[in-house]
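K.L.:
Following this message is one structure expressed as structure tokens.
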Amino acid sequence: MWSCITDFFTYETTKSVVVKSWTIGIINRVVQLLIITYFIGWVFLYEKAYQVRDTAIESSVMTKVKGFGVYNNKVMDVADYVTPTQGASVFCIITKMITTENQVQGYCPEVSYYHCKTIHLLKAFFLCCSGILTGKCVPFNVSIKMCEIKGWCPAEIDTIKTTPMKEVENFTIFIKNSIRFPTFNYTKGNFLSTITDDYIKKCNFDMINNTYCPIFRVGDVVRYAQQNFTKLADKGGVIGIKIGWICDLDKSDDHCNPSYSFTRLDAMSQKNSVSPGYNFRFAKYYKMENGTDYRTLVKAYAIRFDVLVNGNAGKFNMIPTLINMVAAFTSVGVGTVLCDIILLNFLKGAEQYKAKKFEEVIYSVVKITITSYRRNSDTLPFKVVTVNFCSDEFSTFSFAILTCCGHVMGQTIPR
């Protein structure tokens with residue numbers, strides 16, 4: 001128990017040992033060089049660890065679509081094929097439509113795949129595709145009887161084959177984006193100072209010559225997303241237009257510019273045969289002179305565009321600079337640890353190195369008692385003296401101090 005207590009109250013200090021070894025010296029310098037190169041090249045220059053960063057970007061997006069197309073012998077403009085019409089960051093361009101006109105509330109037969117012979121046990125008020133089944137069979141035509149429904153009649157037939165509006169490929173999308181980094185109170189927009197009225201009227205975005213033009217041709221966006229426009233227009237899909245703002249605020253304002261990239265966000269739907277593409281339904285409602293409501297139901301296949309904004313900004317700050325500098329200097333010591341492992345375990349003379357590196361110092365207390373000393377028949381008592389001195393495994397003698405009659409005498413005592 002006592003030994004455990006004494007072992008606990010010990011103190012360790014660093015001892016410098018110079019090792020004249022080419023092998024261990026080269027390893028030590030190479031490791032230190034690699035660590036210093038990593039911190040200078042990667043941490044400070046590439047990652048810019050001396051900066052404080054703001055990733056909580058605030059963004060506003062406004063969009064406009066322009067172009068005219070022809071669908072079913074009708075000229076289509078923006079109000080016909082863009083939804084929603086507010087110019088938000090998410091919008092759809094309709095490429096083809098299946099229209100069911102003059103629907104009114106009433107009873108009518110369902111579409112052809114609801115045959116009475118295949119669904120022979122019908123329950124009233126059972127919910128199906130176009131309305132509520134009544135449980136009755138009614139003639140669909142001269143030879144076929146269908147299940148009767150209650151709902152908007154006539155029922156929608158959405159299996160009609162139609163051709164997409166080809167002009168969509170040449171429509172243009174105008175994007176206006178404003179961003180703010182709240183930490184630095186820094187604001188910027190994608191309308192750069194170099195953009196003029198004449199330039200904006202004739203430019204279209206491309207990856208090489210017009211990388212900052214805010215007008216995008218639909219066909220180019222689909223191509224940059226590595227998609228086939230014909231297939232996409234036929235089934236519909238979701239395309240992401242990503243605007244990235246990576247800004248180094250230690251540089252001038254001209255270096256903080258947007259970068260655009262494009263991807264298909266619903267890529268998995270291409271491999272899904274159950275519900276491929278993107279479509280939705282909407283209706284236009286009217287009222288007859290007699291007060292009866294009727295509607296035109298539209299099943300629309302569309303390309304949906306999601307404008308996604310992300311970014312981060314960095315600016316010099318003393319706190320992260322000091323933290324990373326301390327981390328760099330501390331990490332240099334990793335080379336010493338590695339060299340110690342090699343030196344004490346793998347090189348020749350490891351035991352000799354261990355003996356030089358680790359030395360145990362023991363603190364000893366020696367008590368010397370002399371009862372009497374006789375001189376000229378007088379007894380001159382010596383004082384009882386307690387002598388404290390340090391000894392270690394490499395020393396041979398310790399020095400003790402005796403006092404006698406007020407005088408100090410030195411004596412070397414063998415261990």
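Using N, Cα and C of the backbone, Cβ positions are placed for all residues, glycine too.
TrEMBL entries are annotated by machine, without manual review.
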K.L.:
Quick test of reading the record: TrEMBL lists a disulfide for C153. Which of C108, C116, C203, C213 is on the other end?
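P.N.:
Its disulfide partner, as TrEMBL records it, is C108.
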K.L.:
Out of K48, K145, K150, K299, which does TrEMBL tie to the same ATP site as K64, V65, K66, T172, N279, F280, R281?
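P.N.:
Record check against TrEMBL: ATP site with K64, V65, K66, T172, N279, F280, R281, extra candidate from K48, K145, K150, K299 is K299.
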K.L.:
Name the secondary structure element type, per DSSP in three states, that contains C153 (disulfide bond).
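P.N.:
Strand, per DSSP.
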K.L.:
Looking at Cβ-Cβ distances, which residues of the chain lie under 8 angstroms from C213 (disulfide bond) while being 6 or more apart from it?
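P.N.:
Sequence-distant Cβ neighbours: I195, Y199, I200, C203, N204, F205, D206.
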K.L.:
I'm trying to understand the geometry here, so how far is the Cα atom of C247 (disulfide bond) from the Cα atom of K299 (ATP binding site), in Å to the nearest whole number?
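P.N.:
Taking the Cα atoms only, C247 (disulfide bond) lies 44 Å from K299 (ATP binding site).
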K.L.:
Within 10 Å of each Cβ, count the other Cβ atoms and name the one among the binding-site residues K64, K66, R281, K299 with the highest count.
P.N.:
K299
K.L.:
Can you figure out which of C108, C116, C137, C153, C256 (the disulfide-bonded residues) comes closest in space to K64 (ATP binding site), comparing Cα atoms?
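P.N.:
So, of the listed disulfide-bonded residues, the one sitting closest to K64 (ATP binding site) is C256.
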K.L.:
Sort the binding-site residues K66, N279, F280, K299 by C-alpha distance from C116 (disulfide bond) and give me just the closest.
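P.N.:
Among K66, N279, F280, K299, K299.
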K.L.:
Could you check which of the recorded positions T172, C256, R281 is the closest Cα neighbour of C153 (disulfide bond)?
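P.N.:
Checked the recorded positions T172, C256, R281; minimum Cα distance to C153 (disulfide bond) goes to R281.
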